[in-house]
């Protein structure tokens, strides 16, 4: 069940000799083949400059995390639903004393005084401030300063090496080859053009077809205007929650994305009177707040969409938690959110790596001055996120470590949903891969999204009501092919999890894609996504006092999250636990027919028609759209 990167990713290894004795040969640990778009290597870094070196230690038992998760998530397991506590997870996966001592001894042997070396409280990281000269000597590398076209500088290396006996105890080292750096500007009247989640136009974002002059609520018009009544009819969502005091649903937003309460109330008065006078319960993470300095679709569209539909579909007195993450100056990353809901994921009290994640308190001034949120927030039973990267934006080591954190949330009984992307087989921004690893508009290699390819999250694609169809038809939906295309395909980093092997093997054998192996991961051994889908076209959303038509897998994820939240409600009311990580269950034979199979449409990209929606699972719409009554019946039958 463990989805090892080694099955799919081969890093070049080179043995080099050092001047003087070494405990073991040095091997390349991570290597970057290209410089990301927009960056230029400008100079060697100064030898005396200080680097805050952070070493991510290999977690104990991490190779078995998939097996542990499968044990509590598969309906045929005797331990189904017996989720772990945060303490049990911490004890099981904390790096061993051997790992800590091996890395510490290597640093001391390399000339660093032991008092300079700090181990995080969770034993997950070792932190040491070193000079560039010391770092280069320790890791047989060279650090350079890279300059972005915006003027910002970033420190990185092209590759680094570790002793063979140390390498097996280390996930990765920061700063090093990683280049998902935030681009920030700290002056001027405009908001920062940070290339970080939450910034306008960055990652997976909803699209709009403009404002509409009238709003309609008739089921006959759901092919042109999607409203809550359409979604309830499509998926059979007729349910009044009764266990709201026990249940929880969380939606994650990244500042400067923010909802407007006036828009939520405008939507409520037209489509969901249960919401009149209500607002989400906001949990601020790292200074996050519902900013109103910048408004418009690029700043309010995502959050308004997520909350207007997520809150409408759970109805009644079910509170929806808004995890507002990051301040207006620094912003935030997925890691900042994960730090807040699981303290064991944090690096140090001073924050995550400054080149990748927001650092709090803000070291530059003008931003959030409070301490980093580390284990301060309780995760909801269902968490929906409508944001995402391209898998190729991140290194395999970085992606796998974050993916393992989603597995830990699943062990705790949390259902984690992510949008699959809006550009078909292409990446965000409609860019595709080149043979050298770069991403460009004229690339031809399919470019999957992350975290959707992580085997421990549920990836949600998009459908649409067929033109001139009504929701009362037997199957009124097809893959979304208006404005956006459902993200889907096969990972280049993660191996296929066992829970989906039968479904994916059937697709590949019955409907083999007619593309050369140079364009996609055709090995038949990689993680396929999405897992499921839901409607993602023609949503009527209130934005800045007007109604707009909105499209995207950004629509699909919060809708699916609301449906699973209602299933949790029924289980909790019956004295049972939450559904947790759902993938092993929904792919199991016992859940056949629990999703409406989508067999029309495709997901174009990279100069191709992409993959086709077919009978059974496919890399366009997954298993299909949720059939709430069937899902409810099947999940209530489980312990």
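These residue numbers are counts, starting from 1, taken along the chain as shown.
Cβ atoms here come from the backbone N, Cα and C positions, even for glycine.
The active site, charge relay system annotation in TrEMBL covers 302, 306, 554. The Ca(2+) binding site annotation in TrEMBL covers 597, 598, 616, 618. According to TrEMBL, the feature domain 'Peptidase S53' maps to 225-638. Annotated signal peptide per TrEMBL: 1-19, in sequence order.
Looking only at Cα atoms, residue 618 (Ca(2+) binding site) sits nearest to 554 among the active-site residues 302, 306, 554. Sequence-distant contacts (6 or more apart, same chain, Cβ under 8 Å) of residue 616 (Ca(2+) binding site) comprise 503, 506, 507, 510, 597, 623.
Neighbour density around each Cβ, counted as other Cβ atoms within 10 Å, peaks among the recorded positions 302, 597 at 302. Every protein chain considered, the tally of other Cβ atoms within 10 Å of the Cβ of residue 598 (Ca(2+) binding site) stands at 27.
Within the model, the domain 'Peptidase S53' (225-638) shows a mean pLDDT value of 93, rounded to a whole number. For the pair residue 598 (Ca(2+) binding site) and residue 554 (active site, charge relay system), the Cα-Cα distance reads 19 Å.
Around residue 306 (active site, charge relay system), taking its Cβ as the centre, 29 other Cβ atoms fall within 10 Å, counting all chains. The Cβ centroid of 597, 598, 616, 618 marks the Ca(2+) site; residues of that chain outside this set whose Cβ lies within 8 Å of it are 599, 613, 614, 615, 617, 621, 622, 623, 624, given in sequence order.
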